[in-house]
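Taking it in order: structure first as structure tokens, then the write-up.
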Amino acid sequence: MAGQKAEAKKSTNANNVPLFSSKVTDLDVKLDNEIVYEFGGPLGVVGMMLGFPSLMYYFWICLEHHQGKLIVPAVWSVEGIKSFFWNDIWAAIVEGARPTVYAAKIYMGYILFSFILASIMPGPVVNGLPIPSLKGKKLPYLCNGLAAWYFTLPFSAFLHVTGIFRLTDIIDNFGHIMTIAIMWGFTLTTLIFIASHIQGTNHRMSGNLVYDFFMGASLNPRVGVVDLKMWAEIRVPWPILFYISVSCALKQYETRGYITAPAAFMVLAHFLYVNACQKGEECIPTSWDMFYEKDGFMLVFWNMAGVPFTYCYASIYLMKFEETTGVAITHSLPYTVGLFVALLSAYYIFDTGNSQKNRFRMEQNGSFIARNAFPQLPYGHIKNPSYIKTAHGNLLLTDGWWGVVRKPHYTADLVMALSWGLITGFGSFLPYFYVCFFLVVLTHRVSRDMERCAKKYGKDWDRYCERVPYIFIPYVF
Ligand code: NDP
């Protein structure tokens, strides 16, 4: 550790963190161009592209009509399955999830609104990491998410209070809006895919049309100053998720005159998440998604439709349970307080964990800026951090939460996800769908990331793993 601190003394950065050069190594280029079939290759991604929307409809029907119970055909015969499909699934979709003009106005109205804010609101411009395919060029990102968020909050309250647009209409039209979002997810992916071919910005193409559609063709598609990938990751899914929970809570308020602790918990949980994304937006340009992942179905669909319309099951379950039974779900005081404490503690580690690493990376990139966005939590920025210097040139942080485990922010994120389920009790699997799905996503992400880092940093990565041996939980895993 002393040696690492000594290394830092040679730094040029105010926080004793050396700047890395924008020179892209041959290894960077090789790794950036390497094509490996992931997600089960072309067959696997076809399954996902068909499976995700189907699952979204199925889960929605279970929540909407069966109090979150996972329904199956009453009789397991050809006739039974046919009747299940037509009478239980298709009829429910036609009735409650067909695309309507009003749903399109709500969803596409928000998409347009958020895109306009992303184009015109003020904010700092932060450079991303050197892009290997652009010979080390750093792209500028206009980070005006916070200004847009602070504008959106009072504006939405104004729309609701004046009756111009009642926020409860979101949950009243949930199925219809979800269908519009699914259609938009496919449409936007196609538009970006075609534009990339026309503009000649295709990157790391496998040659298999379906697989490339899923993974994307373009690395950094932009319209004016708006980076579509960053906009889609930050501005669309989390605010919509938050407004779905607000909509459920308001619905409860309209019938009951007050909001129960579990409904308030979900609004708080989703507020924390969306607020974290906006207040830390300047950290996103140096993230893996920005400089490596392409903007294909995987990111576009998931952000436009998947995240907002599946991560919200806990809020909807609470509301539907009350609607059908007339009884609101509540818990004992210790259970409720325990979950609030768990949520806030996990949020603290999630926020400061992401912040510690991203700010460290920004310092190396020379793009660090201090911001006073609420809340700035103590321990979010490490002064004179310890790290491992790699032969590649990059530094690996071994201080703060990053000295405890290799993915502290994943662990904290998973605990938050679990708390979203636990606040609904144990009546249905659906509020736990998010944490189960997220565990699979993050485990897969970790293995992809570790593999890439092992290739990129070689022996230095082994040294790092020895120094920080556990991934998620100290002494366990
Ligand atoms: P990370 O923040 O873990 O970024 C991984 C990259 O960080 C690595 O490739 C490496 O990049 C660099 N890195 C790894 N270890 C270190 C270290 N010790 N010091 C410095 N740099 C390091 O990944 P994500 O982008 O996946 O996650 C960001 C956040 O987003 C997390 O909190 C996660 O939970 C959340 N998330 C949420 C999702 C959701 O659906 N709710 C989905 C996905 C993520 P390099 O090659 O440059 O060294």
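Each residue, glycine too, has its Cβ placed from N, Cα and C.
Database features, via TrEMBL:
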type	residues	note
TRANSMEM	39-60	transmembrane segment
TRANSMEM	107-126	transmembrane segment
TRANSMEM	146-165	transmembrane segment
TRANSMEM	177-198	transmembrane segment
TRANSMEM	257-276	transmembrane segment
TRANSMEM	296-319	transmembrane segment
TRANSMEM	331-350	transmembrane segment
TRANSMEM	417-442	transmembrane segment
Contact between the transmembrane segment (39-60) and the transmembrane segment (296-319) (at least 3 Cβ pairs under 8 Å, separation 6+): yes
Residue numbers, six or more beyond the limits of the transmembrane segment (177-198), whose CB comes under 8 Å of its CB atoms: 53, 56, 60, 93, 97-99, 103-104, 106-108, 111, 170, 212-213, 216-218, 221, 228, 232, 295-297, 300-302, 304-306, 308-309
Outside the transmembrane segment (107-126), six or more residues from its ends: residues with CB under 8 Å to it: 140-148, 151-152, 177, 180-181, 184, 223-226, 231, 235-236, 239-240, 281-282, 285, 304, 362, 367, 369, 371
Interface-richest range of 146-165, 257-276, 331-350, 417-442 toward the transmembrane segment (296-319), CB pairs under 8 Å: 417-442
Intrachain residues whose Cβ lies under 8 Å of the transmembrane segment (417-442), provided they are six or more past its termini: 59, 62-63, 67-70, 262, 265-266, 269, 310-311, 313-314, 317-318, 321, 329, 331, 336, 339, 342-343, 346, 407, 410
Within-chain partners of the transmembrane segment (146-165) [C-beta distance under 8 Å, separation at least 6 from its ends]: 106, 113-114, 117-118, 121-123, 235, 239, 243, 250, 274-275, 278-279, 281, 371, 373
